[in-house]
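Enquirer: Dropping a structure here in structure tokens format, bear with me for questions.
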Amino acid sequence: MASATAPAAAAPTLAPPLQQLRHLAEELRLLLPRVRVGEAQETTEEFNREMFWRRLNEAAVTVSREATTLTTVFSQLPLPSPQETQKFCEQVHAAIKAFIAVYYLLPKDQGITLRKLVRGATLDIVDGMAQLMEVLSITPTQSPENNDLISYNSVWVACQQMPQIPRDNKAAALLMLTKNVDFVKDAHEEMERAVEECDPYSGLLNDTDENNSDNHNDEDDVLGFPSNQDLYWSEDDQELIIPCLALVRASKACLKKIRILVAENGKKDQVAQLDDIVDISDEISPSVDDLALSIYPPMCHLTVRINSAKLVSVLKKALMSAFKMELECLLD
């Protein structure tokens, strides 16, 4: 006769510790797309800036602490039991989700530029923790290579940088403008160096002309290797490069001028205006890159002129936006 008492359900079997870490890494990576497109949490409460940043910093400290704890227990033998590993993984997952939840508390009206910076920091922390899980799941746990990866893991760097994030949209805008100035400065210096050396591909190709016969050079052309006209500027090319350099130099000066206008006249409550200035200024660096790349041989003069006109248009929009903000400040 069958027993009237049903057998107790068997406890679910936990995966091995390293497999649990790999699974957690996958779960964390699934959070990344949601953070990229996630909107700010709707609330009727007035935004408290000091409380938000305090909570965000505290959440970052918690994430860093959980990362350190997990690294300590998985960098030595014996490994934790499956039950202990489950607990560690749950704590890490909870710390990451708590950090993301705090990020969602930053409303849009505090500035799109500021939200982008905080979102970027959030993505760095989540991705850094996922990387850490993947590294810890590699065996043997005490290999020198593994320890090097762990010691330089980005999750701690991202958490430590949290207090350096700008606290308002004006500070965020100034940071982004400074980065754009640096990008354009680097592009200008690279262009100037190539022009001064009259060798746009200096260091990229070995000069072995003395070892190649005429027949060998003909063979290279057939095989698709660049000929001299593909590697060096013609006289017409060099004449066109001069105004291009001047335009990139003007772009750098323009960004510096905009940064000064924002620093001296921008107000923290001019959120939309600051966002507009940053959005337009963000177009300058890619436009400079397009122009810089188009001057390398073999040069298409039409492409260079199109990219130059595009950059001029972007510069005009950026300056108009900055001067508009300055005018509003003067009229207030």
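Glycine residues also receive a Cβ, built from the backbone N, Cα and C atoms like all the rest.
Not my notes, these are from Swiss-Prot:
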- A2: N-acetylalanine (MOD_RES)
- 2-208: region 'Required for interaction with CCND1' (REGION)
- 2-184: region 'Interaction with TCF3' (REGION)
- 2-190: region 'Interaction with RPLP0' (REGION)
- 150-332: region 'Interaction with TCF3' (REGION)
- 240-332: region 'Interaction with RPLP0' (REGION)
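Can you tell me where each of these features sits in this structure?
Expert: As a whole-number mean, the pLDDT of the region 'Required for interaction with CCND1' (2-208) in this prediction is 86.
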Enquirer: Of the residues in the region 'Interaction with RPLP0' (240-332), how many are helix, strand and coil by DSSP?
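Expert: For that range the per-state counts are 79 helix, 0 strand, 14 coil.
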